[in-house]
Amino acid sequence: MAPSRRSRTLGALLAVHAGDALGAPFEFKPYTAIRSRHPGPNSAFPRTLTGGGFLSWAPGAATDDTDLTRAVLLAYRDAILSGDDVISKAAEHSLAWYRGDRWPGRRQGTLPRDIGGATRRGLSSFASSRDPSSSGAGQGSAGNGSLMRCIPTGLFQADPELLVKESQCISAITHNDRRCTIACAAYNTIVSALVVRGLSVEDAVSASERVAVSLEGGRPDGPVHAAIKIGRTISLEDLADKGPRGVDFLGSCSGFVLDSLTLAVAAVLDERRLDQVLVDVVRVGRDTDTNAAIAGGLLGARDGEEAVLDEWKDLLQFGPEFRRLADQLLTAQGVLPGEGVGQGEGQTLSLYSLMT
Ligand SMILES: [Mg+2]
């Protein structure tokens, strides 16, 4: 049976979080280093969320990918429940994360352990201008820092035109390079097609290609469309077994937005189980947490929360909060009935809170 919209919504959010936590111990390690530590096949690669890595994460901890996804999710909560402007709220919640202003798990006033260059420049600019339409780091800054946080728009903005607009504007708070803004719109088109419209993966990817071509001025050879087309041709299994050498990547999987989009498209078209695909995204190396968070979002949207391993869900720092917020928003949007749905689940005690 196909997963419900609620299951896909939760799956998308939890799999962003799980991909982030699965990849965090290997962040910036090249393929060869991961391969020499775990030389076996996919099935032998450890599924446990161990934490660690060069920033010494706790098991199941949110790194910047999940934290900023939470910031955008809180913006949709404010917009849907209180009528606030979602773009301004996304910028404000992201700035609260940057400044450590009442951010869970951080001492008040401390800076994040990890932050990308464009994100820092964009949020610093927003702190002084308070204008999210002019704060972006500029053309040429084409990291994956906005793609990694954009999924709440795909989940909670059902209007296709507003989805494209909000995806681009929320990206532009920090990443206003057109490759980033258009990648976010294309990615969220896949999310919405799977979660809201219930389309097949093939139709969802095709819809994203049409959006990319349209936003790239009708050119079929624009960079975002090219990245999606490369994703259609890649076998993640081969890539993870043999290494990324020789594959037609635009960058080197180390943080370039279009590489992450390519990997995510390859992941959602990969018919294996969610955990198998995510493990292979991590095995490819380099920006492992962000690549797995971005791919995880599409896989969770495809397969629903039942596909996210229980041992992962038990550890995720913001797992209970993401469930509670998703149910609140789906109820407010009339997708879930007003009473009795999801009760109790939001109170699941996170093992993470016991361990940290
Ligand atoms: Mg990260």
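Cβ from N, Cα, C; glycine included.
Some features that TrEMBL has for this protein:
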SIGNAL    1-23  signal peptide
BINDING   T63, D64, D65, D287, D289, T290  Mg(2+) binding site
REGION    108-143  region 'Disordered'
COMPBIAS  124-136  compositional bias 'Low complexity'
Pick the one among the binding-site residues D64, D65, D287, D289 whose Cβ has the fewest other Cβ atoms within 10 Å in this structure. D64
State which of the following binding-site residues has the fewest other Cβ atoms within 10 Å around its Cβ: T63, T290. T63
Inside 8 A of the center formed by the CB atoms of T63, D64, D65, D287, D289, T290, which other residues of the chain have their CB, for the recorded Mg(2+) site? D20, G23, A24, E27, D114, M148, A293
